[in-house]
Every structure is written in structure tokens, then in C-alpha cells.
Amino acid sequence: MQNQLIFENIIKKKIPANIVYQDEKITAFKDIQPKAPIHILIVPNFFMASLNDINKENKWIMAHMFYIAVKIAKKNKINEEGYRIIINCNKNGGQEINYLHMHLLGGEKLKSFS
Ligand code: 5GP
């Protein structure tokens, strides 16, 4: 299976995932190998391979993804102590799944990379 199909099939509920939020635009589900107590992936319901696919017509999706990420952070009560949002892009950015996704991480003090 081409690896972007994993997320396409999760969105269509053809393969199991712990979906925490879904609307007509995006889907959010728990990462299968969580790197923090809260680790949720947020993806558009339409295919974009990476951040490089953002253009004038589809840029609104990023605002919606951030908006829902913050709502999910609040629902999980990690907003006060804080959290991290990451989007990896391509090989050097560490992107393994070729379907644009946002990581929402929290629930503990995350390691600093600066
Ligand atoms: P990337 O490295 O591409 O930014 O992140 C891909 C993420 O997808 C990883 O954190 C990985 O654990 C997660 N992942 C890979 N395959 C699956 C899967 O089948 N189900 C779920 N829920 N997460 C997955």
C-alpha cells in the first residue's frame, strides 16, 4: 500500500483508527505510536502530499486545522500547561507519511529542540 493510502483509508473508515474528531473538511485521530501522552494527527479529508501543496485555493484548510487542533487541546485539558504542533515536510523534515498531517503533542513536558 502506498503510504498515503493509510490516512486516506482512516478518513474513509476503511481501516481502524481512534478518530477523535471528524467533520466534512478534516479528520483527527490518535497516532498509532504516540510520542507523548496526547498525540493526535489532524489531516485534511482531501489529499495533499505535504505542506508544499498549499496554494491560494486550499490555504483555508490550514486555518481550520489549527482551529480544531486548539479545540482538541482544550478538550484534552492540555491548553493551560501547553502543547506542541508540528508539521514535518518531506525527507529532511522527517515526513514519513506522504499525506499532509499536523501532529498535536502534549500531556507532559516535551523535549526542547532549540
Ligand atoms: P510523519 O513522520 O510523517 O510526520 O508522521 C507520521 C505519523 O503517522 C507517525 O507519528 C506514525 O506513528 C503515524 N502513523 C503511521 N501509520 C499509522 C497508522 O496506521 N495509524 C495511525 N493512527 N498512525 C499512524
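Cβ atoms here come from the backbone N, Cα and C positions, even for glycine.
Just so you know, TrEMBL annotations never went through curation; they're auto-generated.
Remember, it's a predicted structure, so these values are computed and weren't measured experimentally.
Straight from TrEMBL, the features:
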| type | residues | note |
| --- | --- | --- |
| ACT_SITE | His101 | active site, tele-AMP-histidine intermediate |
| DOMAIN | 6-114 | domain 'HIT' |
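Taking H, G and I as helix, E and B as strand and the rest as coil, DSSP gives the domain 'HIT' (6-114) the counts 29 helix, 25 strand, 55 coil. Here His101 (active site, tele-AMP-histidine intermediate) comes close to Phe7, Leu41, Ile42, Val43, Ile87: these same-chain residues lie at least six apart in sequence, with C-beta atoms under 8 angstroms from its C-beta.
When averaged over the domain 'HIT' (6-114), pLDDT in the model lands at 97.
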